[in-house]
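Noted in Swiss-Prot for the protein shown:
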- S47, V48, G49, G50, T51, G52, K53, T54: ATP binding site (BINDING)
Amino acid sequence: MNLLRKILFPFAILYGLITSIRNFLFDKGILKSTSFDLPVIAVGNLSVGGTGKTPQIEYLIRLLSNKYRAATLSRGYKRKSEGFVLADENSNAEILGDEPFQFYQKFPDVQVAVDANRTNGITQLLSQNVKPQVILLDDAYQHRKVKAGFYILLTSYDDLYADDFMLPTGNLRESRSGANRANIVVVTKCPKNLSEEKQAEIRLKLKLSCSQQIFFTYIDYDVEIYGKDEKISAAEIKSESKLLLAGIAKPKPFFEYLKNENDECLTFPDHHHFSDADLESIQNKANGRKIITTEKDYVRLKDSKLVSQLYYLPIKSTFINHQQNFDVSILQYIKENLEP
């Protein structure tokens, strides 16, 4: 913890008090939460920064989309539109935000919507001619004006919420006790070979109740990288000199997976809007080499002048074990709460 964060500790106490009072008021029904007559699954985290929400939402889409009419509802962080927007063929990353646009590009049969007001967003989705049967709320763990029926809490293996502090001293949006709302906790970005003993140790550390399930996932990188008109073996590209580009919260694993000693790594803030000056600088740094980026960044850059050099590496969230138990829990919740 750096000195500035230590100095700000009194503000962390104040912020923790404010969020605890807010949660208490929602828990007691003094502040209103709206429920809906269909399965609503909220996915989120206690901390700011990347815990792997996007690949977790994509896992749920793959699980559900062949069985139910699924929809995703996101805030659409840093988008240039306002209010409720339902993705269509005219949508792009500026209208939807990068992550929702990625969902729309990959899963065209799924309704993808954005609205900072999640209550209004769900109401709008339910007013469509084709109504969803289940709604996935992206990054909505603290959005308590909607009472979801099922909560999935994500926490990174190398940054567990049990080891963190409230903002601004740490990165927690609310106190650790907020984890009590979760039906399922997923520890993301684990080592692929994480032992059962270490898994048990983490469960004890997180102090979960008997009714809460815990699962462990790792980042599963694709074996190929993809450009506009071609795909290349990821193993082959590792040996080439290239420019690695990332505008995500925690780019280190991406860089480490692809980097060799001849590569240059270029970072931008999460959800960064690339200016013409940025594009010019990136092109100059690449100097004719391939530019490899994340899938989330690619959706913001694919229509730029970089496209002929630009490639992305897809990732997905893969369970270390007990995947079937996770699937059964989700499907059982939906089955029990689906309107006949």
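Every residue, even glycine, has its Cβ placed from backbone N, Cα and C.
For G50 (ATP binding site), the Cβ neighbour count at a 10 Å cut-off comes to 20, with all displayed protein chains included.
Long-range C-beta contacts of G52 (ATP binding site), restricted to its own chain and to partners at least six residues apart, with a cutoff below 8 Å, comprise L154, S156, T188, K189, T217, I219, S317. Cβ proximity to the ATP site centre (mean Cβ of S47, V48, G49, G50, T51, G52, K53, T54, cutoff 8 Å) flags the following additional same-chain residues: N45, L154, S156, A249, K250. Within the group of binding-site residues (S47, T51), the Cβ with the highest number of other Cβ atoms inside 10 Å belongs to T51. Long-range Cβ contacts of G49 (ATP binding site) within its own chain (separation 6+, distance under 8 Å): D159, N171, A249, K250, D270.
The Cβ neighbour count for K53 (ATP binding site), using a 10 Å radius over every protein chain in view, is 22.
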